[in-house]
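Peer 1: Copied straight from TrEMBL:
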- 15-47: repeat 'ANK' (REPEAT)
- 48-80: repeat 'ANK' (REPEAT)
- 81-113: repeat 'ANK' (REPEAT)
- 114-146: repeat 'ANK' (REPEAT)
- 147-179: repeat 'ANK' (REPEAT)
- 180-212: repeat 'ANK' (REPEAT)
- 287-355: domain 'Death' (DOMAIN)
Amino acid sequence: TEEMQDFDKDIQDDSGKTSLHIACKYGRHEIVKRLLELNCKVKIKDNGGNLPLHIAAKHGFYKVIAPLVEAEANLDDVNNNHKTALHLAAESGHSEFCSELLKHGVDVNSETEDEMCPMHLAVINGHTEVVNVLIDQKGDIDAGNKHNQTPLHFAVTNSNVELTNILVNAGANPSVQDARNETVLHLAAENGLSEITEILLLAHSNHNLMDQKGKTPLDVAARGNYVNIVDMIIKAERYYYWRTAMHVNNQSVVIASLSFKPDNSGSTQHLRSLLYRLASKYLKSIEWKQLAFYWGFTDKQLLAIEEQYTGSKSYKEHGHRMLLIWLHGCQISGQNPIKGLYEGLVGIQKTELAE
């Protein structure tokens with residue numbers, strides 16, 4: 001001990017690290033305590049601007065936090081990349097380290113120069129446990145970086161269904177537009193992410209917002225030929241229009257099994273077979289559109305359906321898809337589909353077929 005007191009305890013190696021940095025890197029908390037008792041400085045930074053605390057955060061050794069705090073380490077100090085210890089721990093997936101730091105009152109929403117919060121970094125790297133810790137500690141789930149990208153934008157960009165669910169269930173706004181005016185629904189549609197699209201539509205993501213090119217998520221899905229997503233968005237548009245038209249404002253009035261995914265249930269198999277025969281054998285190329293307009297489909301919705309082109313008989317598939325979307329609306333609103341189909345066919349002067 002006397003020898004240790006005689007030499008320069010804060011000497012730095014070529015990377016600027018002291019013995020305290022090294023002890024923190026390997027989680028040797030007993031050695032950290034002893035070095036601090038010998039008055040090793042906690043505020044010396046290495047060549048990357050990292051304090052011993054930053055080094056510990058990168059490697060997740062949370063037991064060194066307490067002695068460093070006692071030695072008056074600055075828990076919110078930043079390195080050369082403008083990252084705090086919480087940024088580094090969140091980025092590396094060390095949930096216990098994050099929890100311990102937050103107990104000591106660090107800023108859960110501290111930002112880098114690119115305005116990235118710890119929540120952004122945890123989501124980008126897929127660290128579910130860290131995200132849950134940050135949410136529990138009131139981390140801003142809608143924080144935007146310099147491009148106004150929220151954590152939810154990154155969850156969707158990374159096709160992470162679990163984190164998308166977690167953020168949405170925690171109340172993340174699914175209609176925030178980034179610097180390119182893209183919502184997360186635009187991103188899901190652009191990348192053909194059906195499961196994430198379902199989550200976002202059920203969370204009331206605004207499907208009418210346009211990106212900087214003037215495209216809605218429906219336009220984007222149609223352009224990418226993502227047929228299932230096109231149909232899901234149209235189902236959602238019609239569902240939310242129905243809710244508004246019927247003044248169904250009570251959020252408790254929601255179908256328990258509401259889904260916008262393709263229906264493969266046995267309970268509707270007979271009806272779906274009937275609609276397939278109708279579209280493939282009986283409806284002419286113009287008649288499926290007449291029926292669609294009778295049921296309140298919009299021009300834009302029909303154009304999105306028609307974007308899928310497989311040849312001169314494409315109208316049969318278009319009509320079939322439209323009928324299945326219509327059937328979804330009947331189920332949601334509690335209408336009798338047989339009665340509705342009869343009335344629709346009579347309405348477009350196809351009485352004989354209706355009979």
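Each Cβ is built from the backbone N, Cα and C atoms, and glycine gets one as well.
Just so it is clear, the model here is predicted, and its values are computed rather than measured.
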Peer 1: Under 8 Å between C-beta atoms and at least six residues away from its ends: which parts of the chain pack against the repeat 'ANK' (114-146)?
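Peer 2: Same-chain contacts beyond the flanks: 84, 86-87, 89-95, 98-99, 102, 108, 152, 154-155, 158, 160, 162-163, 166-167, 170-173, 176, 178.
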Peer 1: Which residue counts does DSSP yield for the repeat 'ANK' (81-113) in the helix, strand and coil classes, in that order?
Peer 2: 17 helix, 0 strand, 16 coil
